[in-house]
């Protein structure tokens, strides 16, 4: 009897865990655009690891702000525990139950840190992977930069480095989750509205959140 109660309690706790979707893809694949559409249509909260770090760096009195600034200035990676801490805090403060985590995990360190710090605090639904060729992604980023995106990395020199990082560091993460059957691939080479049709088909098949 007691064993059944423990199992039922464990199942209840699992259902209570915030549900997350990792959103990955090459620079220019359209992750941000699709995350905005998913948020509006399905109510998932969009969390960008990069945005959270930038916000924390600028927050007055931040315990991490000076360290984040120093790491970025020296071209170093912010400790993954800090990134996970900011993601966890954003999840808790939102009061919501389902989240898109955009651009994370990007590398092995991110993955190991997440599994060490956050795997028992969240439930991973799947990895949403936007597939798009390097040529198309490069064209989109350069066009975005020419239109005044304000992003200092929307230029050819930076893009070469970003794509190398994506191929060498992020693709192994996608392959890792693919072996677990958790990757959902979306063709991102077509227009955003066409991409979102495929995304909607995927999300419409998700179980509804119990109120």
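Quick reminder: no glycine exception, Cβ is built from N, Cα and C everywhere.
Taken straight from TrEMBL:
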BINDING   28, 29, 30, 31, 32, 33, 144, 190  ATP binding site
BINDING   54, 76, 77, 78, 103, 104, 105, 106, 151, 162  ribonucleoside 5'-phosphate binding site
BINDING   110  CMP binding site
REGION    48-78  region 'NMPbind'
Tertiary neighbours of residue 77 (ribonucleoside 5'-phosphate binding site) (same chain, Cβ under 8 Å, six or more apart):
71, 109
Among 29, 190, the binding-site residues in question, whose Cβ has the most other Cβ atoms within 10 Å in this structure?
29
In the same chain, who gets a Cβ under 8 Å from the region 'NMPbind' (48-78) while lying at least 6 residues past its ends?
32, 35, 86-87, 90, 101-104, 106, 109
What's the CA to CA span in angstrom from residue 31 (ATP binding site) over to residue 151 (ribonucleoside 5'-phosphate binding site)?
15
Over all pairs in 28, 29, 30, 31, 32, 33, 144, 190, the listed ATP binding residues, work out the largest Cα-Cα distance in Å.
17
Fewest other C-beta atoms within 10 angstroms, as judged across 28, 30, 32, 105, which are the binding-site residues:
32
List the Cα distance (Å, whole number) between residue 33 (ATP binding site) and residue 103 (ribonucleoside 5'-phosphate binding site).
13
If you count Cβ atoms within 10 Å of each one, which of the binding-site residues 33, 110 comes out on top?
110
Closest of the binding-site residues to residue 29 (ATP binding site), Cα to Cα, picking from 54, 103, 105, 110, 151?
103
Given residue 28 (ATP binding site) and residue 54 (ribonucleoside 5'-phosphate binding site), what distance in Å do their CA atoms have, once rounded to a whole number?
20
Nearest to residue 110 (CMP binding site) by Cα, among 54, 103, 144, 151 (binding-site residues)?
103
Give the sequence-ordered list of residues that share a chain with residue 144 (ATP binding site), lie 6 or more positions from it, and have CB atoms under 8 Å from its CB.
28, 151, 154
